[in-house]
Amino acid sequence: MTRTVLVLNSGSSSLKFQLLEPDSGASLADGIVERIGEDSSSASLVCGEREVTHSERVPDHEAALRTAYGLFDEAGAELGSVGLVAVGHRVVHGGPDLYQPTLIDDALVDTLESLAPLAPLHNPPAVLGIRGARKAFPDLPHVAVFDTAYFHDLPAAAATYAIDRDLSEQWHIRRYGFHGTSHQYVSEQAALFLDVPLSSLSQIVLHLGNGASASAILGGRPIDTSMGLTPMEGLVMGTRSGDVDPGVLVYLWRTAGMSVDEIETMLNKRSGVRGLGGEIDFRVLHQRIESGDESDRENAQLAYDVYIHRLRKYIGAYLALLGSTDVIVFTAGVGENDAAVRRDALSGMGRLGIELDEHLNESPSHTARRISAETSPTTVLVIPTNEELAIARACVEVI
């Protein structure tokens, strides 16, 4: 029987799940439970040509897992009869010591709970998903795959913050980086697409989704990335601020009377594109820029301009770090689907060797493709990320 892996990605209010054949790369089923804990919870699963949906309230992550398993049964893909060999879990933060795909036991779950302060939006729901899945599949191996793993060996100059070194060492403060599974997968796919050795390429990878990060990759090894100790640093994101002067936080605490928890919530949930433009969906943002009322239009335009400005700054910085860049890759929801973001991120860079083909950039596609002009010294690609497949393949290597 063909072996399969169930991959779980537990968010703060959602559970994504996918059943994959790691050997062939085929996705057998793909689903999501959304708005966990709300009255408007919904769940859906696509399995082959069948789509199954549910709309009843899902109170917590354990219930979300039960809902997911029920969807598989309803779609005729009972998890007990599909050759399931492992369950893979995306875990955002592995801290200083966890940077390899790791078999999950009770001690590891306790360790992941202790790392919650480093990724408060991501690690706690991952632990909930792990606990529920281990209860549902006690006889299967469960494997944690860490977002931070790919960036574990960043050069010291990139990983080190210029703060008191004793404090950094005592509290393991460094640039950890995130979306590592995606950055690694996409950079490897770029080499395959171009049919050249990964070791020969210098790349800038732009993972632009609700969370967003950039990386500079030389010969298959990352030399810098935009996210830091936590997933809040770097690019402007859907609800996260990205780079911000630390003095702003001290000012808000000391002068505005905000608590640490209030500041953290503001930075994570009420900042970024939503904080400036009131919306995280770029399709809506573009609509407001084109046809919203004056206030909505101005706010949306500012949010978009700040987003693009920050993105261009990081691209420029990484061009300087790499010296020369063979490939720039766009991936994730915004990177794969928003032609305007790609155009504006790279406009005016012809003298730096980066030229887009307007027609190719505007042409939608769900497969890897080149969008740079034939005359462009730097190749620009759009490559769909597939973190779930990368996690599934990491699982079978461990077990």
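Glycine is treated like the rest: Cβ placed from N, Cα and C.
Here is what Swiss-Prot says about this protein:
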BINDING   N9, E387  Mg(2+) binding site
BINDING   K16, H207, L208, G209, N210, G211, D281, F282, R283, G333, V334, G335, E336, N337  ATP binding site
BINDING   R90  substrate binding site
SITE      H179  site 'Transition state stabilizer'
SITE      R240  site 'Transition state stabilizer'
Euclidean distance between Cα atoms of R90 (substrate binding site) and N210 (ATP binding site), Å: 17
Which listed residue (N9, N210) has most other Cβ within 10 Å, given these are binding-site residues: N9
Inter-residue C-alpha distance, H179 (site 'Transition state stabilizer') and E387 (Mg(2+) binding site) (nearest angstrom): 9
Cα-proximity to E387 (Mg(2+) binding site), 10 Å cut-off, over binding-site residues R90, D281, E336: R90
Proximal residue to L208 (ATP binding site) among recorded positions N9, R90, R240 (C-alpha distance): R240
Cβ neighbours within the same chain of R240 (site 'Transition state stabilizer') - under 8 Å, at least six residues apart: G211, P231, M232, L267, N268, S271, G272
Mapped DSSP class for E336 (ATP binding site), helix or strand or coil: helix
Tertiary neighbours of V334 (ATP binding site) (same chain, Cβ under 8 Å, six or more apart): L208, G209, A212, F282, V341
Assigned element (helix, strand, coil) containing E387 (Mg(2+) binding site), judged by DSSP: helix
Neighbouring C-beta atoms (10 Å sphere around the C-beta of E336 (ATP binding site)): 20
Neighbourhood of K16 (ATP binding site), C-beta criterion under 8 angstroms, separation at least six: L8, N9, S10, G31, I32, E388
Cβ neighbours of L208 (ATP binding site) where a neighbour is any other Cβ within 10 Å: 26
Among D281, E387, which are binding-site residues, the residue with the most C-beta atoms within 10 angstroms of its C-beta: E387
CB contacts for H179 (site 'Transition state stabilizer') [other CB atoms within 10 A, all chains]: 30
Residue among binding-site residues R90, R283 with least C-beta crowding, 10 angstrom cut-off: R283
